[in-house]
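Have a look at this one before I ask anything.
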2 protein chains.
Amino acid sequence: MKEFDLIKQYFAQRGHVRKDVILGIGDDCAITKVPDNQHLAVTTDTLISGVHFLADAPARSVAYKAVAVNLSDLAACGAEPAWISLSLSLPSYDEAWIDEFVNGLYELTEYYSVQLIGGDTVTGPLALTITAQGFVPPDTELRRSNAKPGDWIYVTGNLGDAGAGLDILKGNIEASAEHRDYLINRHYYPTPRVLAGTSLRRTANTGIDVSDGLVADLSHILRASGCGATVHVDRLPVSSALFDTVGAQQAYRYALSAGDDYELVFTVNEEQRGNLETSLANANVKATCIGQVNGYTGQLDLRLYDAKYELDKDAGYEHQF
Amino acid sequence: MKEFDLIKQYFAQRGHVRKDVILGIGDDCAITKVPDNQHLAVTTDTLISGVHFLADAPARSVAYKAVAVNLSDLAACGAEPAWISLSLSLPSYDEAWIDEFVNGLYELTEYYSVQLIGGDTVTGPLALTITAQGFVPPDTELRRSNAKPGDWIYVTGNLGDAGAGLDILKGNIEASAEHRDYLINRHYYPTPRVLAGTSLRRTANTGIDVSDGLVADLSHILRASGCGATVHVDRLPVSSALFDTVGAQQAYRYALSAGDDYELVFTVNEEQRGNLETSLANANVKATCIGQVNGYTGQLDLRLYDAKYELDKDAGYEHQF
């Protein structure tokens with residue numbers, strides 16, 4: 001396999017072309033232009049076969065998810081995506097696999113007008129690293145460290161579907177044909193909440209995406225902000241597919257601790273709450289208030305219908321498939 | 001191993017801090033600012049154990065080389081380095097190895113005032129991907145496609161040392177103790193030609209770095225520019241260490257086809273030649289004129305004292321250790 005030929009053949013002649021890309025794939029560097037009065041948001045995520053995705057995951061999903069995970073990080077900061085670089089490590093040259101992979105990649109980049117500006121293709125164990133870049137106006141980025149006692153805690157979309165989808169694939173749980181497809185798709189093809197992220201810029205105090213599970217990711221915000229929080233487990237948004245498949249108790253557990261949902265968790269103060277809800281409604285983004293930040297540093301108080309709720313300690317996401 | 005703790009412990013509290021980094025390691029994204037009137041150069045390179053470096057390479061070298069390779073790509077476009085993101089895949093948690101790795105990383109980033117702005121740490125086969133970003137004034141970047149017939153071909157530094165160093169490590173050749181250390185160091189710790197790259201901006205027509213070997217990399221320029229070239233093998237710059245160790249004939253072969261030297265090859269027209277030599281001399285960069293571009297598309301004519309020189313066909317760099 002000639003890595004140059006591979007890159008050229010599959011990537012150089014396809015995909016969205018942006019005006020702010022002055023020199024794209026094919027040289028030592030890409031050359032781009034950040035718009036005046038915008039800051040640059042940069043994130044990098046690596047996905048390894050058998051660690052971050054099932055070894056037999058469809059190629060389309062591998063690419064789709066890798067892009068989604070990175071766009072999700074941009075969204076969590078309120079950034080609008082612009083460019084990605086891809087480093088792809090392949091054990092062998094499998095044209096059908098690569099075709100499917102490229103389709104999955106361009107599916108998302110086309111949708112969000114993101115351009116692939118470069119990368120690397122190497123021989124090695126199946127793994128990929130994407131660096132995504134986007135723009136955010138100065139002083140509007142969402143930081144983990146800005147939560148304040150009294151802030152309301154919101155989450156976009158539904159939680160727990162991706163975890164249940166993975167458990168279906170692993171044979172741990174069963175679902176009806178319809179729910180099965182829905183939940184597995186939520187695992188294989190997560191939706192990055194790009195529009196939600198940019199809608200939150202001037203109203204939310206903090207944001208993070210749910211990659212490791214709600215409890216783990218909300219805890220990152222609380223630690224960085226020196227706060228605590230109360231979360232009402234009964235208010236967690238779960239899909240009817242998840243609810244019907246595993247029942248309420250197990251649905252809550254998925255919602256709290258399964259990762260890979262890539263919904264956004266954010267906090268907003270009382271004053272901005274109305275503006276935020278209007279802004280999200282205009283963008284057609286579903287968001288649910290699930291609790292409130294308080295001053296009890298590092299404490300996450302889970303409540304089920306106002307009674308204390310205990311989450312199994314070993315229910316956290318382990319990044320192992 | 002908790003990946004967050006690992007990142008925090010080793011990376012968050014150390015290294016160069018730049019004013020254009022608004023938000024560094026620890027959030028979903030880094031937030032940075034590109035200076036007004038500068039374009040952004042972006043490059044990504046992956047190094048895999050056993051493919052791009054010896055499985056028993058020192059950790060310091062693994063990190064150093066990964067940074068050098070990326071800064072070299074920026075230099076090849078004439079860009080000044082600013083930030084890197086690191087994705088590190090580690091099979092296990094080995095504190096001594098990580099310490100040494102971090103030292104190698106910061107050795108180069110400190111020297112070039114580059115800030116590590118983020119990344120990812122995952123469990124998997126030993127591999128790392130770095131995305132490096134830098135600045136280049138509009139319309140001054142060096143592209144592969146701009147060579148013109150008549151351009152003089154130059155190369156910085158010496159060629160072939162890194163390839164000989166690798167062959168010493170593999171037991172293929174022997175060297176005196178002094179030369180051995182020098183050549184192995186050139187393999188393990190290549191110097192990115194950062195200052196050379198920025199010095200070439202307004203005078204050179206094209207640039208590329210020698211990662212796959214002079215013949216392979218110069219051919220990229222010729223193909224992209226629709227040109228041919230004559231290269232005088234006897235004028236290739238080789239170190240006395242390489243010359244003393246393997247003799248002239250073998251030294252030429254290393255210089256032509258061994259990779260990993262990370263010197264810059266560039267072309268300049270007659271008119272700019274004097275300015276370029278002055279500019280490189282001011283920056284204290286050694287560069288040697290090794291030939292000339294011509295109009296015979298795709299033909300690379302190698303000459304040894306004006307006689308035709310044939311390079312073994314299978315002498316190309318194979319990216320396999």
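Just so it is clear, glycine is given a Cβ too, placed from its N, Cα and C backbone atoms.
A quick note: this is a predicted structure, and the numbers were derived from the prediction, not measured.
Marked as Mg(2+) 4 binding site by TrEMBL: A:Asp28, A:Thr43, A:Asp73. Here TrEMBL flags A:Asp45, A:Asp73 as Mg(2+) 2 binding site. Among the features that TrEMBL reports, substrate binding site is placed at A:His52, A:Asp260, A:Tyr317. According to TrEMBL, the feature ATP binding site maps to A:Gly119, A:Asp120, A:Arg144, A:Ser211. Marked as Mg(2+) 5 binding site by TrEMBL: A:Asp212. What TrEMBL lists as domain 'PurM-like N-terminal' is A:26-136. Residues or ranges marked as domain 'PurM-like C-terminal' in TrEMBL: A:148-295.
Walk me through where these features lie, including what they touch and how far apart they are.
The number of other CB atoms found within 10 A of the CB of A:Asp73 (Mg(2+) 4 binding site), across every protein chain shown, is 30.
A 10 Å cutoff on Cβ-Cβ distances gives A:His52 (substrate binding site) a total of 25 other Cβ atoms nearby, all chains included.
Taken residue by residue with DSSP, A:Asp120 (ATP binding site) is part of a strand.
Counting every protein chain shown, the Cβ of A:Asp212 (Mg(2+) 5 binding site) has 22 other Cβ atoms within 10 Å.
Across the domain 'PurM-like N-terminal' (A:26-136), mean pLDDT in this model comes to 95.
Across the domain 'PurM-like C-terminal' (A:148-295), the DSSP tally of helix, strand and coil residues reads 73 helix, 27 strand, 48 coil.
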State the three-class DSSP label for A:Asp28 (Mg(2+) 4 binding site), counting H, G and I as helix, E and B as strand, and everything else as coil.
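The residue in question, A:Asp28 (Mg(2+) 4 binding site), is coil (DSSP, three-state).
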Checking the contact step here: among the binding-site residues A:His52, A:Asp120, A:Arg144, A:Asp212, which have a Cα within 10 Å of the Cα of A:Asp73 (Mg(2+) 4 binding site)?
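Qualifying among A:His52, A:Asp120, A:Arg144, A:Asp212: none.
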Determine, to the nearest whole angstrom, how far the Cα atom of A:Thr43 (Mg(2+) 4 binding site) is from the Cα atom of A:Asp260 (substrate binding site).
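Pair distance, Cα basis, whole Å: 17 Å.
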Would you kindly give the Cα-Cα distance separating A:His52 (substrate binding site) and A:Asp45 (Mg(2+) 2 binding site), rounded to the nearest Å?
11
Rounded to a whole angstrom, what is the C-alpha distance between A:Asp120 (ATP binding site) and A:Asp212 (Mg(2+) 5 binding site)?
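Rounded to a whole number, the Cα-Cα distance is 28 Å.
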Cα distance, A:Asp28 (Mg(2+) 4 binding site) to A:Ser211 (ATP binding site), nearest Å?
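Rounded to a whole number, the Cα-Cα distance is 33 Å.
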